[in-house]
Amino acid sequence: MIIRSPEPEVKILVDRDPIKTSFEEWAKPGHFSRTIAKGPDTTTWIWNLHADAHDFDSHTSDLEEISRKVFSAHFGQLSIIFLWLSGMYFHGARFSNYEAWLSDPTHIGPSAQVVWPIVGQEILNGDVGGGFRGIQITSGFFQIWRASGITSELQLYCTAIGALVFAALMLFAGWFHYHKAAPKLAWFQDVESMLNHHLAGLLGLGSLSWAGHQVHVSLPINQFLNAGVDPKEIPLPHEFILNRDLLAQLYPSFSEGATPFFTLNWSKYSEFLTFRGGLDPVTGGLWLTDIAHHHLAIAILFLIAGHMYRTNWGIGHGLKDILEAHKGPFTGQGHKGLYEILTTSWHAQLSLNLAMLGSLTIVVAHHMYSMPPYPYLATDYATQLSLFTHHMWIGGFLIVGAAAHAAIFMVRDYDPTNRYNDLLDRVLRHRDAIISHLNWVCIFLGFHSFGLYIHNDTMSALGRPQDMFSDTAIQLQPVFAQWIQNTHALAPGVTAPGETASTSLTWGGGELVAVGGKVALLPIPLGTADFLVHHIHAFTIHVTVLILLKGVLFARSSRLIPDKANLGFRFPCDGPGRGGTCQVSAWDHVFLGLFWMYNAISVVIFHFSWKMQSDVWGSISDQGVVTHITGGNFAQSSITINGWLRDFLWAQASQVIQSYGSSLSAYGLFFLGAHFVWAFSLMFLFSGRGYWQELIESIVWAHNKLKVAPATQPRALSIVQGRAVGVTHYLLGGIATTWAFFLARIIAVG
């Protein structure tokens, strides 16, 4: 840590009334660009309008103005999020069976949408139990509401109204901080203050307030609910907060107040701040007392972290010093210059944030099923499948976004003149070695992982099961994964002596937890089948990384096109008269990377869906016999390609294909429609611009003949636009098809 003399007092960091509020200007399409504001000559205008409306770099080169626009847009985004949340809570209050579900969550399904009868679509209102007819929801909101202590629809109404107020407040803030008091560039670049406030405020105080809410409101209410008390009889949240005796009845140490805290006798609080591990056998979720303890601990960590960086007081860390001190044996100048990059290029900053947030989202996907945080979440199979799938897709998109903005940084913000021998420069100088090695890894993984399957298909086809790679013939056990599982299963009593069970039942060792005759979670066995599919995961992830990383490292120049930086972020080819240079722009790498991301995530969610139905989810008899949904067929069926097609895709598609005439029929229609959207994408991906321009010319001729030709000249989509429309429909169609396939299946059998 470096101690410096105190910095001078902070200057005024906002400009007052920098930009007047003008509805006339906003009403003019394309007001942000001189060219677009002139109005349309050809139909390309509408595409440019959409492409550039939020590309603030193209409106101005002034970093301060760009920063203000981004900052203001963030408030608009928050406003939309609050509006969406309000809608969710309003549906829970107005159209749902939340109170009925709360009284019997094992026999009643969650529903918060009732279809109006107009042309007979009231068939979609299925019987979710308890005499309620509606669409079964799979968002997990009911489980979150119960965990947070919401016991009535009135409370949901109040929260919905509160969220609307916050949405309005955010809209106002977005306007205020752009038009009335806009921060100066120095404010956006003050990273130490930003770290202190975000760490201590958002993460520290945010976690502390949630921990407080859990201890004072959620825990007592959930205690009553678990004991079978009628929600209407449970005291209201404010009564627990105002009346300490109420809490002391449930947790006797409450009667001592804060004395144990100040006398360091903290173990007194272990009634409601526990360290148990495992799942609550009543609800099948993590112990809420463990969760409260966790948030308190997280709050302490982040409150400390939020006091580590040097601001007005001249003590603490400076980010620039930390980065410049970071030198390794092979990294030359190390991280020198990174501080300047990250405070002047928001694309570089965004790229890092997207990569980390995307990875974190995928981590969330894996924890939601292995450590289900909310009561009755683990036995709601449709919600479990939806949450996993949703977080996997989101994580995949965020990581591709990270590569996109890294490439935009390389093209627009990277200045090679003052970058010499730092980490980034050294990576760029040996990019050929990086990419060619990564390419070799992809080829190796592809041939070997796929080869194992092809071997099995061949042996199976020739009737030689004894020569297949399987748990019953030639075993390829995932020994490292099994070792990790075993280590975690043994942790309680050894490395974590206070714990009564391991972090997740999936590690093994523990008993299974069942709620209402359904399996919540049990130890997940790993075998040859998992070994095979995990190497497909490795393959698809490495190919995605290869495409995206090549796009970033060759964004400015390559042997093929040395002056690529001058062509910009997206361009179709290197001009006329230079063949073989199409699909080389940084944008095209993002475009191609999206397809492999889709590949990678698809295999993951298919693996998860089948594995859970085969080895985890199912019912348990009074004698303790578990019957899994697909009867444990994963280990023997998923070791051939044919098995995936026959026993997963085809066998489990029967519910969506046969859904017509039932309450699941909407999924049947979506399955059909989304296939159509996906197929529609191929029209854009497999045909060239000239074909369409030729067609358009003859259609225009017909319009002229009939004297109905428009003033705006029709143009075919540009090559890049066609690819953008193609990949959008490809992903939308593919994801919606999977959604319909998964939900019709799991709602029917789960």
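Cβ from N, Cα, C; glycine included.
Given the structure is predicted, the values throughout are model-derived calculations rather than measurements.
Among the features that Swiss-Prot reports, [4Fe-4S] cluster binding site is placed at CYS573, CYS582. Within 10 Å of the Cβ of CYS573 ([4Fe-4S] cluster binding site) there are 17 other Cβ atoms, across all protein chains. Secondary structure from DSSP puts CYS573 ([4Fe-4S] cluster binding site) in coil.
According to Swiss-Prot, the feature chlorophyll a' binding site maps to HIS675. Around HIS675 (chlorophyll a' binding site), the same-chain residues at least 6 positions away in sequence with a Cβ under 8 Å from its Cβ are GLY733, THR737.
Taken from Swiss-Prot, the feature chlorophyll a binding site covers MET683, TYR691. Look at MET683 (chlorophyll a binding site): DSSP puts it in a helix.
Summarising the annotation, Swiss-Prot assigns phylloquinone binding site to TRP692. Reduced to three states, the DSSP call for TRP692 (phylloquinone binding site) is helix. The Cβ of TRP692 (phylloquinone binding site) lies under 8 Å from the Cβ of ALA716, LEU717, each on the same chain and at least six residues away in sequence.
Per Swiss-Prot, the feature transmembrane segment maps to 70-93 (among others); the stated evidence is sequence analysis.
Annotation comment: Swiss-Prot describes 156-179 (among others) as transmembrane segment, evidence class sequence analysis.
Outside the transmembrane segment (195-219), and at least 6 residues removed from its termini, the chain residues within Cβ reach (under 8 Å) are 147-149, 237, 240-241, 247, 250-251, 272-273, 288-289, 291-292, 295-296, 298-299, 301-303, 305-309, 311, 319. Annotation comment: Swiss-Prot describes 195-219 (among others) as transmembrane segment.
Among the features that Swiss-Prot reports, transmembrane segment is placed at 291-309 (among others).
Beyond its flanks by at least six residues, the transmembrane segment (346-369) meets 66-67, 70, 377-378, 384, 387-388, 390-392, 394-399, 401-406, 408-409, 412-413, 521, 608, 612 of its own chain at Cβ-Cβ distances under 8 Å. Look at Swiss-Prot and you will find 346-369 (among others) tagged as transmembrane segment, backed by sequence analysis.
Per Swiss-Prot, transmembrane segment is recorded for 385-411 (among others), and the stated evidence type is sequence analysis.
Within its own chain, the transmembrane segment (433-455) has Cβ neighbours under 8 Å at 427, 468-469, 476, 532, 535-536, 538-539, 542-543, 545-546, 549-550, 553-554, 639-641, counting only residues six or more beyond its boundaries. Feature annotation from Swiss-Prot assigns transmembrane segment to 433-455 (among others); the stated evidence is sequence analysis.
The feature transmembrane segment is assigned by Swiss-Prot to 531-549 (among others).
Per Swiss-Prot, the feature transmembrane segment maps to 589-610 (among others).
Positions annotated as transmembrane segment by Swiss-Prot, on the basis of sequence analysis: 664-686 (among others).
The transmembrane segment feature in Swiss-Prot is assigned to 724-744 (among others). Residues 138, 382, 385-386, 389, 393, 591, 594-595, 598, 602, 605, 609, 652-653, 655-656, 659, 664, 667-668, 670-671, 673-685, 717 of the same chain, all 6+ positions outside the transmembrane segment (724-744), place their C-beta atoms under 8 angstroms from a C-beta of that stretch.
Tertiary proximity for the transmembrane segment (291-309) is limited to same-chain residues at least six positions away from its ends with a CB under 8 Å from its CB atoms, namely 147, 191-193, 195-201, 203-208, 210-211, 214-215, 218-219, 272-275, 316-319, 373. Cα spacing between TYR691 (chlorophyll a binding site) and CYS582 ([4Fe-4S] cluster binding site): 17 Å, rounded to the nearest whole number.
Long-range contacts of the transmembrane segment (156-179) within the same chain: residues 17-21, 68-69, 71-76, 78-80, 82-83, 85-87, 89-90, 92-94, 98, 145, 150, each at least 6 residues beyond the stretch ends and with a Cβ under 8 Å from a Cβ of the stretch. For the transmembrane segment (385-411), the list of distant contacts is 138-140, 341, 345, 347-348, 350-355, 357-362, 364-366, 368-369, 544, 548-549, 551-552, 555-556, 565, 568-569, 586-587, 589-590, 593-594, 597-598, 600-601, 604-605, 608-609, 612, 735, 738-739, 742-743, 746, 750: same-chain residues at least six beyond its ends, Cβ to Cβ under 8 Å. It is TYR691, among the binding-site residues CYS582, MET683, TYR691, whose Cβ has the fewest other Cβ atoms within 10 Å in the structure shown. Each residue contributes its Cα atom, and for MET683 (chlorophyll a binding site) and CYS573 ([4Fe-4S] cluster binding site) those atoms are 21 Å apart.
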